[in-house]
Amino acid sequence: MSDEKISMTLNFPKHKRARRKKYQKEYQERHKEEMMQQLGRRFQNQPSTSSAPPDTVEKIPLPTESTSALPFGDSPRLTEKDYETNYMIDPPVVSTHSAELIKSNRVVIKAEEAEKYMMIKAKSTTSKILQDFQTKILETVKTKRRLQADVPYIIHPCHSMKGRKTPKQKGGDESFTASDVSDDSNDSQDEASTSEPTNRQAPEADKTGEVKDEKQTCNRRNQQRKAKRLRNFEEKERQITLLKKGIDRKKTHPNGIHPDISFNEKGLGNEGPECRCPEPIKTCGLKHGYYAGEDKAIDCKKSNGENLHYYTLRVTPLPSENQLYRTHMAINGEEFEFEGFSLITHAPLPDCMTRAPICKYSMDYEFQLVEEFMPDECFDPEDCDMLFEYIFHEIFEMLDFELRPKHIPSDVESCPMIHIMPRFVQTKDDLVQLWSSKTVLAYFTSKGSSEIMSPEDVNRLCDAQIDQFTRNTSKHKQSIVLNTKFKPSAIRADWFERDEEKKEVYVVHNAIRAQTYTAISLPRIAFLEKTLNKMIQEKQSSGVYNKDFEKTKNELEHLKRENRSARNLKLREPVAGFIETGLKPDVAAHVVMTILACHHIRYNFSLDVFEEVIEYKFNDRRVIELALMHSSFKSHYGTPIDHVKNMITNCGYRRKYGAEDKREKKRVAGIMSLFNIMKGTSGGEPILHNERLEYLGDAVVELIVSHHLYFMLTHHFEGGLATYRTALVQNRNLATLAKNCRIDEMLQYSHGADLINVAEFKHALANAFEAVMAAIYLDGGLAPCDVIFSKAMYGHQPVLKEKWDHINEHELKREDPQGDRDLSFITPTLSTFHALEERLGIQFNNIRLLAKAFTRRNIPNNDLTKGHNQRLEWLGDSVLQLIVSDFLYRRFPYHHEGHMSLLRTSLVSNQTQAVVCDDLGFTEFVIKAPYKTPELKLKDKADLVEAFIGALYVDRGIEHCRAFIRIVFCPRLKHFIESEKWNDAKSHLQQWCLAMRDPSSSEPDMPEYRVLGIEGPTNNRIFKIAVYYKGKRLASAAESNVHKAELRVAELALANLESMSFSKMKAKNNSWFQNMRRRLEQDTSD
């Protein structure tokens, strides 16, 4: 704001007509702003609030007589219709024991006859079968695997633990100051219409200096951007080079069965190393396989199955369902089918354990753990360990899947945390016959002792008739065959072919090339998709298709068809060296689900340790699992996901490329999606990370800290309390509390470069701590949160913990522990509040607290209220934040934290609280000062409401505050959502800039706010802010603080943008804004 305008606002002339003349121009500007806002309301389909302009000068309202209109108009008063919804009842977010394990009632016995039959077929006995399997099968395949060529890995640099921000250059300053920015020389005309007039009397030299400074600043920023782009380009080139080397290494591997078929290697994915973490952090964290609590050696080999717990892993739908080929074995006319795996643990699973992980994996199956009896003679730990190594490591090559606890040194003997046993069962008359582990060993021994076809069999089949060849090879069709000479060692044999001239029989495997191995056309496809999307956006903006649209679309479809056919691959390999495993493709899905279930079980055992640390037991672990899930975490199979994909592709049921279930892809970006989400008209999906809980936990932690500081530091003003609270709730302190609770050992996040940086990891820990506090709040209320925060903060300092936990009563309550309502009948000041209590339906035990809430700062200190209401207002703000956050979290389960923050801001804003103050008539009960006091401003009314909430919290507790806020505040949310008043000016401007962006631009231009100048003394600062879009100034404004100035300049810029947009769109019949308005009208009519 200029000096001339400041003087105008401070020196009011006495003559009434002179006042009208001086404020006539301001009224015209204000009316113009209202007209611009009407355009915005029309765009948002809001009812018009404008009135007819005055006919004469006398009808212009004086500034003191006109009400200060809110940016989007006053919210309407509540009616009975607004209370048709019960705001005190919430949908459940947690449920007690919702995941209780199922116990099977099946009668399970050992299949004795099957064991005798398999021992005869394997030419062994029950006492020798383990040794025979180890020597004939396991050692044979291992010896053959050792002959594979040892090709060194491509060395990738480790991720850096240092900050990613580049150091500032000498002489350069990244911050925006008044000397760094100045007025643009080419937009002075725009400024006259959209902002306050500039000081035209400034010296010409100053203007020249400002322009020169701005040019230097722009040049410096351009140089910094170029240097950053160059660094990013060089780093990208290095990564691409390493990626190509890694792919070429796999393609040219001497033992690769085919250059285009990917295979598994320990610690290596399809595109490079799975772990690029620095050495200091390789020995910790879930992503490296370190589970909390797995620090004790376990040996159950000599316990004869004592203290073991048996669970059957049921996979639904059954992988062999509706499949012609499945894993089974016929013995004496009885068919034993492969049912899956049994998981044997050394401790019972927690009662409150979730049935499945919270994260979603890209498999079409789900698993369920069923507690089921197993005969003692069916299970042997050593047998299961051998079977695990053979099935998971040698056949399916899940080389990074380990069940042995990593906290224990390698030279210490210990059992795996979970024993895995294959299940072959035959059900008859509700009686289940189960193969013992030794029967399974005999089965694999009999199958893998010799090759699929001997040389004599090959010669015979080459000379046989085609029908005989088909019959003899059909029994091996869709079998998983193994040859550890190759990579991958196990493939699915889709069918067999022969070459009569060469006397060879071939295994035929239909494969799908990995994306990283595929055609060269992928970059072209990506480019065409991007180009096509830009053309579609241009059509939405202009209503006219690009002339090259059809050509680009046809080329894209053609390349996609070629790429789809190029990914199909037929592999022919001679049968020599291949052995039959006795398994069919249905086992692949069971293997993946078993790996996932093992991680889930071990993680829940770790949560037992976490519950012991915080001394709290959750009723439902879904909420704590979600709290410990970082936003970077997608899915976890307990092993690298590339290994799982390769195994399913090579060994699972064949699925034609392109026939996968196509998920519906919805456009989630854009202004219309945001409006639809806030209205609840777009379908939502569960948000599978902890950011929603972190949003709620932030309010929980703030209230806990505010509560303790308020009652501990009784003589500190609100400014000092706010400083202490900021220090306690900052990320650095919360990250320390998270480590004290061992959250760093429980947090699930992606195995990449995101959280390698120490500062970023501490930030994630702080957010996780807040999410955990929210989870405890939802599960058990506010009291356990207070206890756990206290222990995390001062658990190792008993003296400080005692001081923190010792909460004194409020001084007014200490004076009258039984209540002071008797004083209200003899004190006129207190008796006036009976009417307010009757109006609200709330009766205070200590009515002096209620009087203190209505005692403003200008009231002298007295024995009745013992001070003013500023401390209560500070406490009430935290109470209001928590209760509103809790309401939004429960009522909007599909809203992201950003959406809920917008709604909360609209509910707890000063404007809303001022309306609440007027609706409840709080101003009538303000204790008057002995001298004349001015009328309450908007901020004063808001402080009055917060002080009342603080007094209610101190006197009656959190539940009374919850009832008051939900009844008084929450019904207004419907109005904010329907009228879209949650969208403040800065957010609205950003959405407009995104909507008006150039489709050909790689990155959308965002509005940029710059500080043009700071004027005035320290106690009366005036900040001048300008907003720029694509380098051009849209508006500038001056206010008493930066936040107000940015909001004001955003409003002015919106008015200018809307007028420009509508005048431009007037020349176009099918404009983007008309489409948006039509869509909004359709949504409203629907």
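Placed from the backbone N, Cα and C atoms, the Cβ positions cover glycine too.
Swiss-Prot has this to say about the protein:
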| type | residues | note |
| --- | --- | --- |
| REGION | 1-77 | region 'Disordered' |
| COMPBIAS | 13-23 | compositional bias 'Basic residues' |
| COMPBIAS | 24-35 | compositional bias 'Basic and acidic residues' |
| COMPBIAS | 43-53 | compositional bias 'Polar residues' |
| REGION | 158-233 | region 'Disordered' |
| COMPBIAS | 159-168 | compositional bias 'Basic residues' |
| COMPBIAS | 181-190 | compositional bias 'Acidic residues' |
| COMPBIAS | 191-201 | compositional bias 'Polar residues' |
| COMPBIAS | 203-217 | compositional bias 'Basic and acidic residues' |
| BINDING | GLU873, ASP943, GLU946 | Mg(2+) 2 binding site |
| SITE | LYS939 | site 'Important for activity' |
Long-range Cβ environment of GLU873 (Mg(2+) 2 binding site), under 8 Å and at least 6 residues apart: GLU718, ASP943, LEU944, GLU946, ALA947, GLY950
Cβ neighbours within the same chain of LYS939 (site 'Important for activity') - under 8 Å, at least six residues apart: ASN910
Other CB atoms within 10 A, centred on GLU946 (Mg(2+) 2 binding site): 27
Number of other Cβ atoms within 10 Å of the Cβ of ASP943 (Mg(2+) 2 binding site) across all protein chains: 26
Extra residues within 8 Å (Cβ to Cβ centroid of GLU873, ASP943, GLU946), Mg(2+) 2: ASN869, GLN870, LEU872, TRP874, GLY876, ASP877, ALA942, LEU944, VAL945, ALA947, GLY950
